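Report on the following structure.
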Amino acid sequence: GRLNADNARFLLLAVLIVLYMLCGAAVFSAIELPTEREAKERWEERLENFTRRHNLSRAELRRFLREYEEASVAGIRVDDIRPRWDFTGAFYFVGTVVSTIGFGMTTPATVGGKIFLIFYGLIGCAGTILFFNLFLERLITVIAYVMKSCHERQLRRKGVLPHNGRRGSGTSEVDSLAGWKPSVYYVMLILCVASLIISCCASAMYTPIEGWSYFDSLYFCFVAFSTIGFGDLVSSQNIKYESQGLYRFGNFVFILMGVCCIYSLFNVISIVIKQSINWILKKLDCRCCHRCQRKLFRSRRNVVMPGNVRSRRNISIETDVVNESDTDGRRLSGEMISMKDFLASNKVSLAIMQKQLSETANGYPRQMSSNSKQNGFSGGVGALAIMNNRLAETSVDR
């Protein structure tokens with residue numbers, strides 16, 4: 001049943017993520033471990049020379065360095081940097097909290113601040129995620145509108161649609177555009193290009209102002225926009241900049257736009273991953289079915305004929321596809337949301353969002369065929385729920 005299919009999909013995704021993490025750990029260990037060992041050897045050598053030159057004990061020097069590490073956590077640095085907890089510094093900090101970036105260069109040191117952060121972050125992160133979902137919804141609405149306009153222009157060039165802009169009596173336009181939906185892969189490509197353009201423009205600003213290399217600036221953009229937030233490079237931390245107000249405003253705009261675009265891109269990529277997992281499971285299921293049929297045919301040759309087995313299986317699969325094609329009438333590989341649904345979703349209010357959350361929780365946002373229920377696209381909140389529910393009806397396993 002559906003529960004078994006969801007469990008299989010969950011287990012396969014968990015295995016793939018673990019394998020992905022193991023491969024990543026192996027690559028990073030091979031690349032970074034030699035550099036770490038060399039840096040440790042150089043540091044031990046410098047530490048030994050320093051203690052010998054100044055006639056200090058190793059334990060006393062290490063105690064002093066530990067005290068500096070504690071001061072560094074509190075925001076004290078050797079170089080002059082802007083205050084951590086004035087209003088602008090605190091605003092930068094709460095921005096990293098609600099966006100889940102969490103650079104780590106500023107952290108609350110008091111018990112009261114830590115307690116307040118727990119409740120503040122709980123509401124702030126949830127509200128920001130809702131904002132990102134609504135941003136994704138409107139962004140894809142715009143993308144779908146542009147893609148639909150391009151599609152209409154192509155149809156007019158081919159002579160399928162009339163060149164006049166009137167929609168009145170012509171049913172050919174309705175027939176030609178009723179089943180069209182923007183491809184999820186085109187949406188992913190557009191979001192990739194938009195994220196790359198924002199990152200390149202931001203890096204061109206960071207390189208001369210922060211003194212970073214252009215590659216380091218690109219690296220910072222990805223770490224910040226993806227909300228990974230290592231904290232090794234953090235923008236707008238010096239105490240004084242040239243055109244400081246303009247730079248800090250530009251830094252805020254770039255980070256906001258970059259986080260929104262990368263968040264939207266991650267959501268679309270997750271849909272592609274779901275499609276890939278469904279395709280893998282379908283292939284595995286087909287092979288298992290063929291093996292079981294061969295074993296069943298060998299053990300009971302006189303009971304089950306091979307033609308009957310094949311016809312039964314083909315009928316069940318093809319029946320699902322035909323039924324879904326008949327009910328939807330427009331199934332193409334990689335399709336997403338129809339233009340009508342996009343424009344309607346652009347009018348989402350709080351009441352509609354609450355209704356959508358209730359329907360998603362109860363599992364009946366719309367009627368779906370038996371095959372679409374097993375596609376694994378149900379669920380989600382906001383724009384992601386709309387895309388997933390429509391993908392459950394329209395997407396075809398590759």
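Yeah, the Cβs are placed from backbone N, Cα and C, and that goes for glycine too.
Annotations in TrEMBL come from automatic prediction, not curation.
As given in TrEMBL:
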type     : residues : note
COILED   : 33-60    : coiled coil
DOMAIN   : 77-139   : domain 'Potassium channel'
DOMAIN   : 189-274  : domain 'Potassium channel'
TRANSMEM : 12-33    : transmembrane segment
TRANSMEM : 90-111   : transmembrane segment
TRANSMEM : 117-147  : transmembrane segment
TRANSMEM : 184-206  : transmembrane segment
TRANSMEM : 212-234  : transmembrane segment
TRANSMEM : 246-266  : transmembrane segment
For the domain 'Potassium channel' (77-139), give the DSSP counts of helix residues, strand residues and coil residues. 41 helix, 1 strand, 21 coil
Is the transmembrane segment (12-33) packed against any residues at least 6 beyond its ends, judged by a Cβ distance under 8 Å, and which are they? 273, 277, 280-281
Among 90-111, 117-147, 184-206, 212-234, the most Cβ pairs under 8 Å with the transmembrane segment (246-266) come from 184-206
